[in-house]
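A.B. asks: Let me begin by handing over the structure; questions about it come next.
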Amino acid sequence: MIGGRNITEITQFILLGFSDFPQITALLFVIFLTLYITTLTWNLSLVVLIRMDSHLHTPMYFFLSNLSFIDLCYITSTVPKLLSNFFQEKQTISFVGCIVQYFLVSTMGLSESCLMTAMAYDRYAAICNPLLYSSIMSPSLCAFMVMGSYTAGLISSLSQVYVLMQLHFCGPNVIRHFFCDMPQLLNLSCTDTFFAHVLLLILTMFFGLTNTLPIMISYGFIVSSIMKITSAKGRSKAFNTCASHLTAVSLFYSSGIFVYLRSSSGGSSSFDRFASVFYTVVIPMLNPLIYSLRNKEIKDAMKRLQKKTIFSQVWVKVRGNRVSEVMIGGRNITEITQFILLGFSDFPQITALLFVIFLTLYITTLTWNLSLVVLIRMDSHLHTPMYFFLSNLSFIDLCYITSTVPKLLSNFFQEKQTISFVGCIVQYFLVSTMGLSESCLMTAMAYDRYAAICNPLLYSSIMSPSLCAFMVMGSYTAGLISSLSQVYVLMQLHFCGPNVIRHFFCDMPQLLNLSCTDTFFAHVLLLILTMFFGLTNTLPIMISYGFIVSSIMKITSAKGRSKAFNTCASHLTAVSLFYSSGIFVYLRSSSGGSSSFDRFASVFYTVVIPMLNPLIYSLRNKEIKDAMKRLQKKTIFS
């Protein structure tokens, strides 16, 4: 009800795109498809090259790889929908799809703006303080700046999405653009958009000032330092180190400011749409070209990779179905058949204590998770989608911890802490399958909480038994297929050098470091799977909780809000622990970390979290407590 009138809200928008140019539809499709494929190829190639070549493991290229990743996400949030609309009669997008698209565009755009500032500071440190560069641009600072860029973009975009969710759309639904953008959506709203405009203005000023000012100040110091260099050759070399970034920054901000000023003045002409193509499509394509065209380090890395791919030819001699020797670089080398799991053997003074701790954690985890599975199975009151997912989560945690801890316990008092090659592969397969399946299951549980809070009346029909079974089977299947693909790649590698794994279980990064053959495709696969599972799981979870928070804020009573929040608090806690620990350990392992700290950190997500999950879901859960009481009475009085 708006202004005393009952008005039906629209559930979808029409993206006009370039439909007013029917005579060149085919040409536009070919152009955008070419731009999209080129952008994906160039940016992904740059990410893989930086990942593969140790000479490029510097702050500058760390930032550049993240810039390429952002550009990949940025262009993917708009162009695929544009391409699919070219030959569709109804170029529609649902309300939820429109909100999600704007969220992605805004997050990536604002994150890129912050990352440009971090890159400007990096160039300032390199030119103005070359002797202190390594200590200034430490790995921890670089990681903090990148995470800060993503976080700033994410939080500001969530605030905009929240404001958009409070608006009502009941009039015209034609968006004169090829993607959903804030100004166009505000123009279509039939309610007051004052706060939305204020928020947009505040965010624009905030990101404009906090990013452009540091960039200008950095380049002020850079120009001052360059002018102090006496030789022309030295000045030219110093300028070349920041010329690429300066070009990218100029293109990014000039096009962004131009389009923002046009959209703020209500511009929605064909010219504005074509102008928007430049900063949403063309710039993500140009960035890798700008940074690599005259970059000697990138060219040298490409040459090294090309030589590595051509000359690392491997011929395998098979004797009685057993691989005994390989020829690498013209030499016969015997392959190792077992690895040594270092575990915690470098702490002999506390071996007994560690054994007791891990045994206690393992028994506790088995007891709690198995009890939860049995309880849910036995009590008919818990035969709901939420507890169906929870029982599967407990089953995954049981398998997850059992794939690592028993071997760790058996190794504590063994002189040779070895594991066979096949055993190592099988262990990694189990760890990977359960970990990825749990990641997917967390997403399914987030959708379940969204349906319960945002659509309580339709909950039973939305979360039907068939959908729940499909989501669980999909989680297991996704984890299984991706793990099989990794195992297949690992089986193609050869191990003929050091065989000491500085970990308490077999993990992909450690195995790749020990391979004596080319690991290019393995690294590419690992990167693709990380990006795929990261995006396809974290984004739906964040979007679900965006809708959940919006629905909770609409509840008038404090008691109602508290009750609604409590229904998803357990899952939110579990998700936060799972992803924060996983991301931390992945970033450490990606940088080659294999210290004692990394091993103890890995304990958290492989041992502690499977133990905590049943506790998190049952500690303040009245239904679980009531089910335990019913089971206790049934046992006593039957």
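Glycine too: its Cβ is placed from the backbone N, Cα and C atoms.
Residues or ranges marked as domain 'G-protein coupled receptors family 1 profile' by TrEMBL: 42-291, 368-617. Here TrEMBL flags 24-49, 61-80, 92-110, 131-155, 194-217, 238-261, 273-293, 352-376, 421-447, 467-490, 568-587, 599-619 as transmembrane segment.
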A.B. asks: Could you check whether the transmembrane segment (568-587) and the transmembrane segment (352-376) come into contact, where contact means at least 3 Cβ pairs under 8 Å with the two residues of each pair 6 or more apart in sequence?
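C.D. replies: Between the transmembrane segment (568-587) and the transmembrane segment (352-376), contact is absent.
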A.B. asks: Same chain, outside the transmembrane segment (352-376) by at least 6, Cβ under 8 Å from its Cβ: which residues?
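C.D. replies: For the transmembrane segment (352-376), the list is 344, 382-383, 387-388, 390-391, 394-395, 397-398, 401-402, 405-406, 408-409, 412-413, 607-608, 610-611, 613-615, 617-618, 624, 627-628, 631.
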A.B. asks: Excluding the flanking five residues on each side, which residues at least 6 beyond the ends of the transmembrane segment (467-490) place their CB within less than 8 Å of a CB in that stretch?
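C.D. replies: For the transmembrane segment (467-490), the nonlocal Cβ contacts are 385, 388-389, 392, 425, 428-429, 432-441, 444, 447-448, 508, 511, 521-522, 525-526, 529, 533.
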